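Written below as C-alpha cells is the structure these notes are about.
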Amino acid sequence: MADPAAQSSAQPRLQQAQSSGPTGSNSNPGAGSSDPARPGLSQQQWSSQKKAQVRSFPRAKKLEKLGVFSSCKANDACKCNGWKNPNPPTAARMELQQQAASLTETCRSCGHSLAEHVSHLENVSEEEINRLLGMVVDVENLFMSVHKEEDTDTKQVYFYLFKLLRKCILQMGKPVVEGSLGSPPFEKPNIEQGVLNFVQYKFSHLAPKERQTMYELSKMFLLCLNYWKLETPSQFRQRAQKEDAAAYKVDYTRWLCYCHVPQSNDSLPRYETCQVFGRSLLKSIFTVTRRQLLEKFRVEKDKLPPEKRTLILTHFPKFLSMLEEEIYGENSPIWEADFTMPASEGTQLGHQTVLSPVSISGSPHSKGSSASALGVTGLDVASSEPTIGEKRKLPEALTLEDAKRIRVMGDIPMELVNEVMKTITDPAAMLGPETSLLSANAARDETARLEERRGIIEFHVIGNSLSQKSNKKILMWLVGLQNVFSHQLPRMPKEYITRLVFDPKHKTLALIKDGRVIGGICFRMFPTQGFTEIVFCAVTSNEQVKGYGTHLMNHLKEYHIKHGILYFLTYADEYAIGYFKKQGFSKDIKVPKSRYLGYIKDYEGATLMECELNPRIPYTELSHIIKRQKEIIKKLIERKQNQIRKVYPGLTCFKEGVRQIPVESIPGIRETGWKPSAKEKSKELKDPDLLYNMLKNLLAQIKTHPDAWPFMEPVKKSEAPDYYEVIRFPIDLKTMTERLKNRYYVTKKLFIADLQRVITNCREYNPPDSEYCKSANTLEKFFYFKLKEAGLIDK
C-alpha cells in the first residue's frame, strides 16, 4: 500500500490518488505498491485511469464488458452466470484494441447471444451503466488482489468483497457489507475526537502559537493514521493475548471493508479510520504504528521541508509519548463521551467543527473530502471566541492558608516574568551565538531527552508473567536486561540476577535503543508499605556518559508518582553511591524501619539509601525547567543592573600578579545584597600548609596508580596534531605537580577541578571504548575514593 504519511506530514494537504488499494499485506506498512504494468502508478491511480477508459467506450463495448458479469436470460434452464467471448484476446491487456463484439455473438459457455445476457440493460441510463462499469473495474482489481495476497485473513476479506461487488453488478444494486461486523461508527468517542480532546486537555494553557503547533501535530497524526496500513491479525497474534487477537481480527476486517479497500475501489462506501474507530483499535495498533511512523520520518528526513523537519523530528516524538500515556492510562478523561474543558483552563482550541457531532457521525466520504474532513487544507486555524467564565474558585484540596502561602513576599510580578519569557523564547529578540547544539553546561540528561524526542531511544516498563501468554519481544528484552546487569555487575551471581529479572513480582524499566536493550532499572513495588526497592541499575558500558542513567531514573520517578508511591529504597555499593546521590538519594532514611524490615534484600558491604519523590515535579523535564529559570533570573539581573547607576572602576590587582582575591573584597559587592556563606567558609582548610601536604600526598598516590600513565605529561602535538584544537583547557598530572609547587591550589576546589578536567578532556577527545577512556574511568573512581578517604569531599 502506498502510504502518504511522510508527504502529508510535511505538507498536510491530501491528494486522494496517493493512497493505494488492496495489495499483499505481507509488505511493510508504508511501502509503496504500483501496478507492475505501469511503473510509477499507484493502485488507486491505475484504478481511476482504468475507470475513465472503460467509461469512454462506445455503448456496444460497454455492454460487452457488463455482459461478462451478467447471467443469461435466454430461458430459465440456462445457468450461465456471464457471457464469455468466443474469440478471447490472445495477449494480456489487448482488450482496448479489439473491436466491440456484436450483440449477436454467441457465448462460448452456453451458446446464447450477448443480447440475451444484457437484455436487462437496454433501457438503463448512461449514468447507471457507468456506475456498473466502475464496479466491474473494482471486481477485476479485487480479483488480482485475491491472487496476489499471501495473508489468509486478508485474502478471505478480499474474496468476500469480490463476491459482493459481482453480485451487485448482477442485481444492479449498491454494495452493502452485511454480517456481524456492524456499521460505522464502531465506537464513541472516535479516535479523531479523542486526539483533539487530548490536545485541548494537555495544551490549552499554552500560548496561542505553541498551542497551534500541538494542533498541527494532532492533525498530522490523524492524517497518517487514516492512510496507514495496519498489521495483519497473524502478525498481531505474535505479540498479543488470545482475547486481544480475536477483537483485533474483527477491527481489522472492519478496517479493510470500510476504510482500506474503498480507497482504491470507490464503488464501496469509504470511511476515515479515525472517524469510525475509537480507543480500542488505537490501543491495539499505537505502539507498533508509532515506532514505524517515527522510523519512516527518520529515514526520509532529508525529503522533509526544512520548516517541517524540526516539528516532525523534535516535537512529534514527545507528542506521541504524551498521547501514549492517555491511550493506555486507566482514568484518562479524553475518552469520556461528555469531555469538556472549562473556559478558565485556557483559550479553547480553534476549528471547533472537528469536535461537533456532525463530523464524527461516520458518514461515508465523497471524493476529495478526506482533506477537509480533518481541516488540513490550511494551517492558519482561526481561534474561537473566548467564553466569559465565572471567577475561578480555589480547588477543594487547597485551603485559604495554602493560597496565601503561594504569594511569597517580594515575589516577582507575573507580568514581568511573562515579559522576560517572551524575550527568551523569541529568537529575534535573543542576541549571541546559536544555541541549537548542546552547550558545555548542558544538563546531564539533555542528550538523552533529545534522543527520546527524536525516537532514537525508548523506555518501557516490562516484566515476566505467569498468568498470561508471554510476549516474545518482552522475553527477548528481559534476556537482554539479564545480560546487561550480569556484565555491568560482575560481583552479582548471574543465577541471582536471572531469578529476579524473570520474577513476576519484579518489574524493569528498560532502555531500548535500535531495538535492543542498553540499560534498565529492576525494581519491586511494595504499595502497602509505600515504597519501592531498586534492585539493579545499569547502563551498558559503551553507552555511558550520555545522560541515560539520569533520564532512566527520572522516568522511573514519574512512573511511581503516577502509581502513588513516593519513596525509593536501595542498597548501593561504594561505586554506585555517587550515582544515586546525583539522582537525589540520601543516606538519611525517613521511611520507618518497621515498614521495610523483612521486605527488602540486605547486601553485605552496601549502604542503604533513600529517595523521596515530590509529586509536583515533572522529573524528565526538571533540568530543562531549571535551565529556563536560570535564564529568567539572568535576564532579571540584567534589568536590575540597568537600574544601578553607581559604577566602580575595574580591578587592577590581577595585573600585579595576584591570582585570587576573596569575593567580599570586590568593591560594591556587599551593596548588591551579597553575603558570604558561612557554611562554605568553614569547609575550607584554614591552614594552607596542611592543605598543601594533603594535596601533595594525594597527587603522589594518583601518579603511582597503574592507570595514570596516559595522563602523566602534556599531550604531544606530534602524536595528536588536532588535540589542542579540540581541547580548550589542557591539563595533565605534570602540570598539576608544578601548580602544586607554586602554591596555585589555595582551595581544594581548584585541585579537584583540575583532576576532573584531566578525565573530561580524555573523554572528549577519545572514543568511549578506547584504552584511554577505560583508564580514565578507573582513575576517576580511584581519586574520588581517595578524596572521600581524606575528607576533602562528602562521603
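Quick reminder: no glycine exception, Cβ is built from N, Cα and C everywhere.
Taking Swiss-Prot as the reference, the stretch among 127-136, 597-606, 687-696 described by the feature region 'Loop 3' is residues 597-606. Around Val545 (acetyl-CoA binding site), the C-beta neighbours below 8 angstroms that are at least 6 residues distant in the chain are Arg763, Pro768.
Between the alpha carbons (Cα) of Val539 (acetyl-CoA binding site) and Glu533 (active site, proton donor/acceptor) lies a span of roughly 18 Å. Secondary structure of the domain 'Bromo' (686-790) per DSSP, as helix, strand and coil residue counts: 72 helix, 0 strand, 33 coil. Local packing around the binding-site residues Cys537, Val539 was summarised as the count of other Cβ atoms within 10 Å of each Cβ; on this measure the leading residue is Cys537. Largest CA to CA distance in the succinyl-CoA binding set (Cys537, Ala538, Val539, Gln544, Val545, Lys546, Gly547, Tyr548, Gly549, Thr550, Tyr575): 18 Å, whole number.
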